[in-house]
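*Asks:* I'd like to ask you about the structure that follows.
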Amino acid sequence: MRTYRYFLLLFWVGQPYPTFSNPLSKRTSGFPAKRKALELSANSRNELSRSKRSWMWNQFFLLEEYTGSDYQYVGKLHSDQDRGDGSLKYILSGDGAGDLFIINENTGDIQATKRLDREEKPVYILRAQAVNRRTGRPVEPESEFIIKIHDINDNEPIFTKDVYTATVPEMADVGTFVVQVTATDADDPTYGNSAKVVYSILQGQPYFSVESETGIIKTALLNMDRENREQYQVVIQAKDMGGQMGGLSGTTTVNITLTDVNDNPPRFPQSTYQFKTPESSPPGTPIGRIKASDADVGENAEIEYSITDGEGHEMFDVITDQETQEGIITVKKLLDFEKKKVYTLKVEASNPHVEPRFLYLGPFKDSATVRIVVDDVDEPPVFSKLAYILQIREDARINTTIGSVAAQDPDAARNPVKYSVDRHTDMDRIFNIDSGNGSIFTSKLLDRETLLWHNITVIATEINNPKQSSRVPLYIKVLDVNDNAPEFAEFYETFVCEKAKADQLIQTLRAVDKDDPYSGHQFSFSLAPEAASSSNFTIQDNKDNTAGILTRKNGYNRHEMSTYLLPVVISDNDYPVQSSTGTVTVRVCACDHHGNMQSCHAEALIHPTGLSTGALVAILLCIVILLVTVVLFAALRRQRKKEPLIISKEDIRDNIVSYNDEGGGEEDTQAFDIGTLRNPEAMEDSKSRRDIVPEALFLPRRTPTARDNTDVRDFINQRLKENDTDPTAPPYDSLATYAYEGTGSVADSLSSLESVTTDGDQDYDYLSDWGPRFKKLADMYGGMDSDKDS
């Protein structure tokens, strides 16, 4: 027979609280329908009576915040298989098992080891099982039970905000909603009154009130004025336990600000204002400021100013400064001291935003009187017009009067005025003006085709006060006269085919005219009288300012006459009639059967501008030949500068070179007259010149004496003489040194020559022996003795 096992669940309730138990619904699995009955009892152990049961008692209750020194007893587990011999062991698992909750494995007693807080965790779910201590096998199925934590009033109400901020319009009705405050209590709202909160006001009466259940704050006093008091601080208390004695409470502060409404009209601090302004003030000039005060703020304090009455509302205006809320009096039109000296205005200040419910307080506007005094100033002359427009024919003579301008001093003194033309606007001085009466006249001839409009400026200046002057623009239009003859619109050059037929159109002519007649241009075309009878062409006037050139005969011969020049007379229809003669060039050309030109003397008519292929080839060949010539010339010159390959051992030559001499370069050091080296007389003279006193004494440099070769010497001297006397010989064929004046030169230094006026006994005849290079010097100085004798 199968053994049924049961748990005995016992709940012990500590004093002074009673024992609670809740039935569990019937189990549907794991156990037969018939069960042994369990009976729960308090601290005393009552007899267990067996009875058929259908509910299990598996729920325990435990109070939170236990403050005793011992563990808090929860309940007891017991199995029918427990004979009390210690063979069974009770095991507890689940939420807090072994930590918060412990079980006596021998007796099944459950205890709580710590203080429990329902607000942290209200329910704990655990599982219990009885097992054989020796085998470890369960003797009862695992059973689940619940431990619920019962609430106590251990949490005070807490507001959602520490400080509330709210606003309400001033002058609000009683009961106007301000703000709602909310407090929450962490205690269990389903158990007792621990979480039932009631609101009350501790500070803020009699201005505000609060609803006890909802926490809604409302106004409680009528006509609260922001201008008297703007800020209010209200303290609200929230208390649990329904507000009963012993309940916990919390407070919060509500800062309430009265917002402004337009309940105050603007007011001027004074009833009359007075300002001064000179009559020369231009429109828009500020004269003065007025300000009305308004006790309101924001847009309710905005003020609009306007001129409602007075004799100067057309001359002055008032605008509102949005930053300072001041009214700025400005000039609207030009003032004239001579016409009116004092103006009186009525200025009104009003609120643009008015609430109808406060209209009973009176009109939301105020007015003040403004008196404006106009001061006299010395004003510049005033022209009778803002601008003048005059006309004149382009054929007008010099000093022709065009018109006049007029200006006068607006002041009471009526100072005289003189006129002048601003020459910056009339640089060519085409016009002039009479300084006394303002008459405008021409000073040069006009040409409409050059300039149609002349824009000048006339200046009017007070004679007694030249600083006072004014200007006016003067526009002068030059009227057209028919002074230009019509002419061809372009240069006409055309051709006619040799096989052309009579009356064939070969060119259409057009004309232009610089004049601008009112009725439009109407030109007529005709051949000049001298060509009309003998011409091979005729002119056909199309009556639309165009004409056509027609052939007059059949066939033309370009070999007999290649070009025809047709003089065409163009006339206009204006008065006086103007005409001009233009020439049309007609060339006779050979054409194909379609009339297209093939060849004629005027090649430019058919060939495009540019070069043919043959011309380009010829140019390229010329360039190549030129380059070859230059290269050969350079190579030949370099070859001549090279030293000879074989130098005779008998030919010993030395050069004295000064490297810091800024002479002519390579030519100065290499080109010398070799003939002087082969002239013993010249060499002897260079050794003993008695006619010249040297500035410094230099020892002559001795060179080895070369073997005298008469044939070579005569041959070289002959060739040198031929080249020296040949004026067409190129310069690089003669080797000579003219600028070098160093020691050792066979010609000595020219710096030792003295003036003829200081030493008349000098003999310069030896210059003739130095060759043709010194012939000029020999002519100048060699014959001086004979000149003196004569």
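Every residue gets a Cβ built from N, Cα and C, even glycine.
Because the structure is a prediction, the values reported are computed rather than measured.
Heads up, here are the entries from Swiss-Prot:
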- 269-279: compositional bias 'Polar residues' (COMPBIAS)
- Asn255: N-linked glycosylation site (CARBOHYD)
- Asn399: N-linked glycosylation site (CARBOHYD)
- Asn437: N-linked glycosylation site (CARBOHYD)
- Asn455: N-linked glycosylation site (CARBOHYD)
- Asn536: N-linked glycosylation site (CARBOHYD)
- Ser786: phosphoserine (MOD_RES)
- Ser790: phosphoserine (MOD_RES)
- 1-18: signal peptide (SIGNAL)
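How buried are these features, and what lies next to them?
*Replies:* Under 8 Å from some Cβ of the compositional bias 'Polar residues' (269-279) lie the Cβ atoms of residues 285, 287-288, 290-293, 329, 331, 335-337, 347, 368-377, 379, all in the same chain and six or more residues away from its ends.
Under the DSSP three-state reduction, Asn255 (N-linked glycosylation site) is assigned to strand.
Taken residue by residue with DSSP, Asn399 (N-linked glycosylation site) is part of neither helix nor strand, so it is coil.
According to DSSP, Asn437 (N-linked glycosylation site) is assigned to coil rather than to any helix or strand. Counting only residues at least six positions away in the same chain, the Cβ atoms of Ser404, Tyr419 sit under 8 Å from the Cβ of Asn437 (N-linked glycosylation site).
Within 10 Å of the C-beta of Asn455 (N-linked glycosylation site) we count 11 further C-beta atoms, all protein chains included. DSSP assigns Asn455 (N-linked glycosylation site) to a strand segment in the three-state reduction.
Applying an 8 A CB threshold to same-chain residues 6+ apart, the list for Asn536 (N-linked glycosylation site) reads Thr551, Arg552, Lys553, Tyr556, Tyr564.
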*Asks:* Where does Asn536 (N-linked glycosylation site) sit in the DSSP three-state scheme?
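*Replies:* The three-state answer is coil.
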*Asks:* Quick check on the glycosylation sites Asn255, Asn399: which one has the highest count of other Cβ atoms within 10 Å of its Cβ?
*Replies:* Asn255
*Asks:* With helix taken as DSSP H, G or I, strand as E or B and everything else coil, how many residues of the compositional bias 'Polar residues' (269-279) land in each class?
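*Replies:* Its residues divide into 0 helix, 7 strand, 4 coil.
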